[in-house]
Amino acid sequence: MKKNWWKILAVVLLVFTVVAGMLSDVPRLAILNETIRNLYFHVPMWFGMILILLVSVIYSIKYLRNPTIKNDIIAYEAAKVGILFGVLGIITGMEWARFTWGEYWSNDPKQNASAIGLLIYFAYLVLRSSFNEQQQRARISAVYNIFAFAALIPLLFILPRLTDSLHPGNGGNPGFNAYDLDSRLRMIFYPAVLGWTLLGIWIINVKSRLELIRQRLYETV
Amino acid sequence: MLFKEVLYLIQKDLVLEWRQKYAFNGMLLYVSSTVFVCYLSFGLRSNVLTVPVWNAVLWIILLFTSVNAIAKSFMQENRGRLLYFYSIVSPQGVILAKIVYNALLMLILAVICFVFYAFVLGNPVQDVPMFLLSILLGAIGFSTSLTMISGIASKAANSSTLMAVLSFPVIVPMLLMLIKMSKNAIDGLDRSTSFDELLTLLAINMIVVTVSYILFPYLWRS
């Protein structure tokens, strides 16, 4: 029970996010209207993705310093969960864009950057699948993971700021910070980020334990 | 010590290239035939080729040329020679030498490509020195990121497909910056407008070189 407090926290925070996110009062704004509630679901996906990919990179670095199967498996599972969050982020973003910008895909730099970011990690999966030998696969994909993360950062943080964008927070459009007048949004937004990230970590935890057990089973059989 | 090693390795690559002339001539032919294909496909309607299209097509040609040229940098070395290098030089020396050599190769190819392209398809560039600077940065940028990728891809089974899959997403931010910067040069805008792109490109290059420098020893060991 002592070790599992963060899982309970994740469940509580997510229940809170969903209930409060759907029912609470939000500022009435032109165009955005009720879609501002997407702040609790779309934005935490990106926060969660970055944090989880950071976990993946950290375990890749750990693998290069100390090559154990465990580090490799965690890096791999974290990358997969990061991709899941990225895909969900893109889907929720597209749905939102449909109602506020008028189109699912409107050639926005942030949309393009996130699509490219996903391509990088799909390439990581392809790279992993092209090796047969376990150690070589782990080492080379760890190298690519770190390299790709270093290339992803300028993409996600620098490029959208250099060009005009429809996205809130860019090119003269106010970010959500300008909207959340009485910090009602913040009250739900920060728990949402924490909740979704914890959920991601939970998934990584379960999946990598499962994978480790599977590996051990193969070894003994 | 490292500097000397790098110099020796670059010299070795240049001498090898000069003796075989295989990669360089092949790439030269690749560039010129691609440009000619573009000319023929646009040639029928010259009004289709607006300035943004001219720019984008040039950079796409350069991108494919560099992917093809740099993919060879680790695949052409045979096993025995790699083992020999492994025993006498440091991995950092190898990656730095390959990056510099590829940058030189790409610079020559890119300038030839630009001259031929401008000759065949017309030259709308108003600020040529600035445009050449963007080509120089492009050559350096492509070689820094693609050299590491080709090292990764050469370890895998179907490396030529993997090379494209791994490199395109990584190179896109650089390509976007380059296209923007060269577009400014074509329009003859004031040079200070390209300053942001220039700095970003240099920063990305620095990041990529540093990461390659740190990571290559792990790749090399296998």
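One is the number of the first residue shown, and numbering goes on along the chain from there.
Backbone N, Cα and C atoms are what each Cβ position is placed from, and that goes for glycine too.
Remember, it's a predicted structure, so these values are computed and weren't measured experimentally.
Features reported for this protein in TrEMBL:
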type	residues	note
DOMAIN	A:9-153	domain 'Cytochrome c assembly protein'
TRANSMEM	A:40-61	transmembrane segment
TRANSMEM	A:73-93	transmembrane segment
TRANSMEM	A:113-131	transmembrane segment
TRANSMEM	A:143-162	transmembrane segment
TRANSMEM	A:188-206	transmembrane segment
Beyond the flanks of the transmembrane segment (A:113-131) by 6 or more, those residues with Cβ under 8 Å of it:
46, 53, 76, 79-80, 82-83, 86-87, 89-90, 93, 137, 140-141, 144-145, 148, 151-152, 155-156, 159-160
Of the residues in the domain 'Cytochrome c assembly protein' (A:9-153), how many are helix, strand and coil by DSSP?
120 helix, 0 strand, 25 coil
Per-residue pLDDT averaged over the domain 'Cytochrome c assembly protein' (A:9-153), given as an integer:
84
